[in-house]
Amino acid sequence: MLVELNLDAGNIISEDVHRIGILAVGSHLENHGPALPIDTDAKIASYVALEAALRTGARFLGVLYAASEFPYVKHGIHMDRDELVERELKPVLRKARRLLNLEAAVIVNGHGGNKLEDCMDDLEEELGLEIAWNNRIVEIEGPHAGSGELSAGLILGIADLRRLDECIPELYPEIGMIGLKEAREANREIDKAARICERDGVNPDPVLGQRILDDAVESVISDVKELLKIIQEF
């Protein structure tokens with residue numbers, strides 16, 4: 001005998017929001033200088049995804065365990081993009097759809113190397129899910145391991161400001177990707193971000209950190225609401 005669930009219970013925006021999941025994706029194995037942990041991207045994305053789930057009632061699906069990266073960016077351990085999609089992302093979404101009866105999902109990306117946006121249409125068709133790719137964290141946090149990311153980490157309690165004086169590219173070339181010559185030569189946007197970090201340095205700011213996190217959470221909430229409209233039309 002099936003138990004009837006109280007879908008209208010709790011502080012949720014709609015009982016239909018249970019049909020929407022939120023999955024975080026980020027890198028767990030990537031250098032971020034001495035003041036941030038190697039899984040900074042995954043932790044920031046997980047916070048944003050969970051906070052949006054708490055505020056809307058959407059299902060929190062956790063965090064993907066792997067990430068992809070451009071071949072010329074060498075600051076961590078990553079996997080091929082197609083392998084990431086086929087072996088990691090698809091199985092997680094397929095299982096969530098089956099076990100939780102999902103109809104839609106927001107994927108919250110916290111890692112610039114996860115260039116998966118152009119895979120979403122194929123994923124939607126194959127999995128039978130409406131999918132929103134949310135890249136807001138990457139869009140607004142600025143250079144890799146720079147002021148924005150460090151400031152967000154400060155708010156989350158994962159930054160060690162005792163090591164701030166060590167945050168120089170001569171010791172940690174991944175900061176701003178300043179010392180990653182191959183990446184800067186291959187990618188104009190990476191070089192632009194590195195120049196910003198060279199000019200401005202790394203300066204933690206709790207106001208900036210909170211603004212980045214709040215902006216990212218609101219962006220995911222907006223995606224949840226848009227997906228809710230779509231699934232309610234069916």
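Keep in mind that glycine also has a Cβ here, set from the backbone N, Cα and C atoms.
The Fe cation 1 binding site annotation in Swiss-Prot covers Glu30, Asp41, His111, and the record cites sequence analysis as its basis. In the three-state DSSP scheme, His111 (Fe cation 1 binding site) is classed as coil. Neighbour count (other Cβ atoms within 10 Å of the Cβ, all protein chains): 28 for His111 (Fe cation 1 binding site).
According to Swiss-Prot, the feature Fe cation 2 binding site maps to His32, Asp41, an assignment based on sequence analysis. In the three-state DSSP reading, His32 (Fe cation 2 binding site) counts as coil. A C-beta separation below 8 Å, combined with a sequence spacing of at least six in one chain, links His32 (Fe cation 2 binding site) to Ile38, Thr40, His144, Ala145, Glu149, Glu174, Ile175.
Note: the Fe cation 1 site is recorded as Glu30, Asp41, His111; in the same chain, Gly26, Ser27, His28, His32, Asp39, Thr40, Ala42, Ala67, Gly76, Gly110, Gly112, Gly113, Asn114 also have Cβ atoms within 8 Å of that site's Cβ centroid. Spatially close to Glu30 (Fe cation 1 binding site) yet at least six residues away along the chain are Ile38, Asp39, Thr40, Asp41, Ala67, Glu69, His75, Gly76, Ile77, His78, His111, Glu174, judged by Cβ distances under 8 angstroms.
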